[in-house]
Amino acid sequence: MDLQRIYDRRKSRLVDELAIAKYGMLGLMLMENAGRNVAYELLARTPCRRVVIVVGKGNNGGDGWVIARHLDAAGVDVIVLLTTAPNEFRGDAAVNYAIANLAKIKIIDLSRTPTAEAIATHFAEADWLVDAMLGTGATGEPRGAMRLAIEAINQSSVRTLAVDLPTGIDCDSGGAATVAVRADVTCTFVTLKPCCQVAACRSYLGEVRVIDIGVPRALLEEIDAMP
């Protein structure tokens, strides 16, 4: 776990870009490594019998689909809550959505769920909630079903794990949107982020774990040398 490096939004994006363009890695490989290692982190935190994963449409949601698949393979009862229409998934996230669908993982569309209270009914008997809605690249206010899901998560007593960063937290400033997930554990990828050093942000992050996604050390050293 690398606790020395701190990469902002720009450098975090460069990790993926260089891994693919220069080091010959596939985006699907990076997503698989990220999601699998978060799933292992969850499985190490017992009890982990039932997990509800709330996904967005981007790569953070794609990580959520990988997490769901690995938890399902380990015998965990998994439910995935969609905050976006299935046809909005693109690229690697769409591939992993299709795999989860074929694997018959339980998927529930929240787009017509009218209230946070209605969303919270899906949390019954869960050991963990997983926030896989927005990650380091996100800015601005969460809207629609995503906003309602955040309210439901924060009103719940179920332990919450955020993927990369809690939805609604700005990677660089540590500022919180008017609604932002308050996580018990945050699994951020490759390095810490600037927001991890902001005192006011700590109540949203909870325990921070840095998760390896298998990028070469040479790649990180190359980014370290950049201004």
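Glycine too: its Cβ is placed from the backbone N, Cα and C atoms.
Residues D131, T167 are given by Swiss-Prot as K(+) binders; from N37, N59, N60, N87, that same site also lists N60. (6S)-NADPHX binding, as stated in Swiss-Prot, involves N59, N60, G61, G62, D63, G135, T136, G137, A138, T139, G140, E141; the candidate among D16, D109, D164, D172 given for that site is D164. Cα of N59 ((6S)-NADPHX binding site) to Cα of D131 (K(+) binding site): a span of 13 Å.
Taking the binding-site residues D63, D164 in turn and counting surrounding C-beta atoms within 10 angstroms, the largest count is reached at D63. The maximum pairwise C-alpha distance among N59, N60, G61, G62, D63, G135, T136, G137, A138, T139, G140, E141, D164, the residues recorded as binding (6S)-NADPHX, is 21 Å. Restricting the average to the domain 'YjeF N-terminal' (12-221) gives a pLDDT of 96. It is T167 that, of the binding-site residues N59, N60, T136, T167, has its Cβ surrounded by the most other Cβ atoms within 10 Å.
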